[in-house]
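Written out below as structure tokens is the structure these notes cover.
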Amino acid sequence: MKSSTQTILEHTAIPRHIAVIMDGNGRWAKKRFLPRIMGHKRGLDALENMVKHCAKLGVQYLTVFAFSTENWRRPEDEVSFLMGLFLQALQKQVRRLHENNMRLKILGSRERFNRQILQGIEEAEALTANNTGLTLSIAADYGGRWDILQAANKLIAEGVSEITEDTLAKHLMLGDAPEPDLFIRTGGETRISNFLLWQMAYAELYFTDILWPDFDETALDAAVASFQKRERRFGRTSEQLPIGQQRN
């Protein structure tokens, strides 16, 4: 059986694909006696800085968890603000991405988004579709279980007689991208919260107490430095790895 793990980069100075849960916006605001929405605003600034630094480092794919299927349970005013911030980012930031030859993709179900947001998504993806630089994928109304289920349902609808790792992987939201090499979660929590459950099977996990609005270039460099020290064996022994990939 052909395994999807062949898309993972086994050893490199810089991870080809970084996935991030941007956690801690609300706590960042609370510590400063500010409304939670101010934390989300600063979180957007942190994302802009991370995109720039990832491109500078040579990262090819950056996938961030912006809004999960479970986040609809948050207070109505916060959800409304997040949707407005999402639309604002689509309208204002996509031009900057396009000017820097970056591609934008939105992952997740779009059934609950209003017409204005749907139009913003379509226009942003179309504008940047042919760019060849860093690909920024934003997971919004996304869940890892939902992703696997929708991929399986697509295959059933196509009448596929046998589902393999390879065929399923190609129907996932990140089906055209290599699997993440490095997963970062800020804010002190040590779980993956239903994010990219299939795709992160072999990702290196990095957890930090830094709240997302404070996650800067230095913090990203520290995460990458940790990644560079890892020995990625994928079931093999250390002795089976090429000399340059063995950990001292």
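The backbone N, Cα and C atoms fix where each Cβ goes, and this holds for glycine too.
Copied over from Swiss-Prot:
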ACT_SITE  ASP23  active site
BINDING   ASP23, GLU204  Mg(2+) binding site
BINDING   24-28, ARG36, HIS40, 68-70, TRP72, ARG74, ARG185, 191-193  substrate binding site
ACT_SITE  ASN71  active site, proton acceptor
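Within the same chain, residues at least 6 positions away in sequence whose Cβ sits under 8 Å from that of TRP72 (substrate binding site) are VAL79, ARG112, ASP141. Neighbour count (other Cβ atoms within 10 Å of the Cβ, all protein chains): 23 for ARG185 (substrate binding site).
On its own chain, ILE192 (substrate binding site) has ILE21, GLY144, PHE183, ARG185, MET200, LEU205 as residues at least 6 apart in sequence with a Cβ closer than 8 Å to its own Cβ. Each of the recorded positions ASP23, GLU204 was scored by the number of other CB atoms within 10 Å of its CB, and the largest score is that of ASP23. Other C-beta atoms found within 10 angstroms of the C-beta of the residue listed as 'active site, proton acceptor' number 16, with every protein chain shown included.
Sparsest Cβ environment among the binding-site residues TRP28, THR69 (other Cβ atoms counted within 10 Å): THR69. Taking the Cα atom of each, GLY26 (substrate binding site) and the residue listed as 'active site, proton acceptor' are about 13 angstrom apart.
Fewest Cβ neighbours within 10 Å among the binding-site residues GLY24, GLY26: that distinction goes to GLY26.
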